[in-house]
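According to Swiss-Prot, the Mn(2+) binding site annotation covers Glu155, His221, Glu236, on the basis of sequence analysis.
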Amino acid sequence: MGAPNDTVIFLRRGKIERREDAFRIGKSKYSAVRTTGIIIAGGAQITTQAVRLALRNEVPIVYLGGNRILGVTVPFSERYATLRLKQYEIASQPSARLAFARPLIASSILARAAVLEFLANETGITGLEDAADEVRSEAERALNAGSTDALRGYEGRAACRYFRALAEVLPDWAFSGRRTRRPPRDPFNAAISFGYAGVLLPVLLSRTVAAGLEPFLGFLHGPRGRRPGLILDLMEEWRALAVDVPVLRRFLDGSLSREMFRWKGDAVLLRDLDAVSAPVLTVLSRVRGGLLEAVDRRIREVRDGVSRQSPPEPLEFDPEDVGVVWDALEV
């Protein structure tokens, strides 16, 4: 958990109580007007009085059980009924869903290319710039994809090249060069899997629901079971900067060491969840200019696009953006 000025409270142990117009955790106080989200995980608790304070200040609360989202508490409001109707309309039209999915996937590809370009400059490792160019070339194809399957193909090729390039940067024991999940088969995969599902997803969920959007109606990720399709779509743009970069930095500076992982058959498990959640929350809350502010701005752009039935433009990322995140993690 971060310092009292963090905009997101992520609590795994302890209790959140109300103290006047602030949330109190032990001896620390968090101003309700400065708090933009609360995530309750593990054995953490929150009092009814604190929940009421959150509702009055429109602070969404997400409850986690393991990496699974159990529920969300948000203020009762009629403001977004029309917006939801328009979102349902888009979700019912494959061509409209594709139009909204294209810029999100293109953005995610551009973010990965920017990470590789930054690492090329930072490390001097041969081949990273070429890898960045190869990844970036898939963004234009994604923007012009003629079908959902084609879009997934461009994203998949970009992701494969990106992760293969990251293997040149990370220690051999940490990463195999392939993205694996269910189960993750190496420490880097274990760390980013938790960063995506255990930190970034609930943060985005709280902010998306607060913005009035239906989290289960995605564009690329359609409704399926308990999967929040729209949140998975929105995550695509922020995985690289909000999770991959801080996890990379912590592997390279030794803060994430072999001892923090446990091998169990084919799976690798992260022992110290705070070793990943802390740097991810750091870059979300404390990056100069506000990465979390950029996330909120993007959610508003998507919301406005849904309201107008017009998809947003893709986000642009460059190595300087990655450098700001990297520098925020200086030990």
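Each Cβ is built from the backbone N, Cα and C atoms, and glycine gets one as well.
Annotation for His221 (Mn(2+) binding site): spatial neighbours Arg227, Gly229, Leu230, Leu232, Asp233, criterion Cβ-Cβ under 8 Å with sequence separation of six or more. Glu155 (Mn(2+) binding site): 24 other CB atoms within 10 A of its CB, across all protein chains. If you draw a 10 Å sphere around the CB of Glu236 (Mn(2+) binding site), it holds 20 other CB atoms from the protein chains shown. Surrounding the centroid of the Cβ atoms of Glu155, His221, Glu236, where the record places Mn(2+), the chain contributes additional residues within 8 Å, namely Ala101, Leu104, Ile105, Ser108, Arg152, Leu220, Leu232, Asp233, Met235. In the three-state DSSP reading, His221 (Mn(2+) binding site) counts as coil.
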